[in-house]
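Student: Can you keep this structure in mind? I'll have questions shortly.
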Amino acid sequence: MSRAAPKSFHVKSFGCQMNVYDGARMGELLASEGMAEADADSADLIVLNTCHIREKAAEKIYSDIGRIVKRADTAGRGKPMIAVAGCVAQAEGAEISKRAKAVDIVVGPQAYHNLPGLVRAATAGGRALDTDMPALSKFESLPRRRKQGPTAFLTVQEGCDKFCTYCVVPYTRGAEISRPWHALIDEAKALIDNGAVEISLLGQNVNAWADGGRGLHDLIEALAALPGLARIRYTTSHPNDMADGLIAAHRDIDKLMPFLHLPVQAGSDRILKAMNRGHDVAGYLRLIDRVRAARPDIAVSGDYIVGFPGESDADFEDTLAVVRAIGHAQAFSFKYSPRPGTPAATMGDPVAPEVADERLQRLQALLAEQQMAFNRATIGKRCEVLIERTGKRPGQMLGKSPWLQSVLIDGGAIGDLVTVEITAAGPLSMNGQVRTPAFV
Ligand code: SAH
Ligand code: SF4
Ligand code: F3S
């Protein structure tokens, strides 16, 4: 049975920054088809851009679908068209169609450029599914970037060939691909034309980006030469792709912000081996030393997994020891979640949930302490803050320091880069006062 074509859309993204990027591009695509952006309560088409990385992330989607249907019922309007996009769509496309009848469209992360056609198919009354993984073709057929805020994401590399034994990304995003140099320079220029002052380069292994002998540092250097762009960031990196040139870029390129997200995952070589990380603890720590030699004030972030199969008390103590050795400005930590189809899911020797919980709490307490210490150490520093949005109080603005701290200041406008003196530190945000820079 056919239905009215949707006139408005709402995209909700879960998961990593790449999903946020994909969500923005889906929005631009639907807008270019003449649809208007609307809020979740009134949109004719709702795109749930899902994440599969941990169990909770995937489960959320079913409760979300239930909520959308119920809300439409209560409001006495027809159920909106529902599209499930992202990594859950890729991993469980058929399963979603079976389990959630309300879903009209399932579209994977490499196929969302086909969304308009899928919407037409669903409008004609069918259920539409596309989880093909053609390398790069989505980027070639998406519309030009549109107006947005002062900070923008730019996917430069996608997919992963590392196959860490716990991780679904190589399956949901496919093999590692690098987007071509010229496409990236063009997209960066379009973002700057539309108001971007900062660009964050994204990739599952962003530092594996390569094109014709050029590496990520070459791309960063070229972007740094673009007028109008003040800041460059990149995430997420893998230790084995941390090239000398990229480390040197942290010393040589002012626009490259002093922040590095470089996950080590665990502090025990035995566990790193079982995770198939391809590096050991000593090698990781040597890398951090070299990066700090190049850029002494760099803020180091990371990811940790606790409760991986076979992780002993001693292994976990090794993780705490590595965290102490590094001294993070911030870091993410997760309880291991077995993912269907990954090698670790069938490894046996699971860690009891209450043990994993306790380890996570201890790790998070240590990381919170380190974050507070890092934040305190920036009190009194002068730095540039890029204003991203308004704060809670009238006149208050919120921006980011070079070290990616949230800084609350009075005055300035969204998109301004202001010189600020950091005056106070909290666990999650800083206070600052705008200062006139001496060189003006
Ligand atoms: N490509 C990036 C990010 C991968 S996903 C990288 O390699 O760093 C982000 C983080 O989620 C990972 O770094 C890891 O810490 C965590 N993660 C991935 N799979 C997980 C799982 N099965 N259980 C718990 N945490 C997981
Ligand atoms: Fe997952 Fe490992 Fe690839 Fe990161 S490097 S995306 S953790 S498989
Ligand atoms: Fe999640 Fe897929 Fe990103 S699984 S973390 S949305 S790559």
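Just so you know, glycine gets a Cβ as well, placed from its N, Cα and C.
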Student: Among Cys16, Cys160, which is the one TrEMBL gives for the [4Fe-4S] cluster 1 site where Cys51, Cys87 also bind?
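Tutor: My reading of TrEMBL gives Cys16 as the candidate in that site.
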Student: Does Cys167 ([4Fe-4S] cluster 2 binding site) have same-chain partners at least 6 apart in sequence with Cβ under 8 Å from its own Cβ, and which are they?
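Tutor: The answer is Ile53, Cys160, Arg339, Thr342.
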Student: Neighbour count first, Cβ atoms within 10 Å, every protein chain included; then name which of Cys16, Cys51, Cys87, Cys160, Cys164 tops the list of binding-site residues.
Tutor: Cys87
Student: Mind looking up the mean pLDDT for the domain 'TRAM' (376-436) in the predicted model?
Tutor: 96
Student: If you measure Cys16 ([4Fe-4S] cluster 1 binding site) to Cys164 ([4Fe-4S] cluster 2 binding site) at Cα, how many Å is it?
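Tutor: That comes out at 17 Å between the alpha carbons.
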Student: Other residues near the [4Fe-4S] cluster 2 site, CB within 8 A of the CB centroid of Cys160, Cys164, Cys167?
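Tutor: Near the [4Fe-4S] cluster 2 site, the remaining chain residues are Lys162, Phe163, Tyr166, Val168, Val169, Pro170, Gln204.
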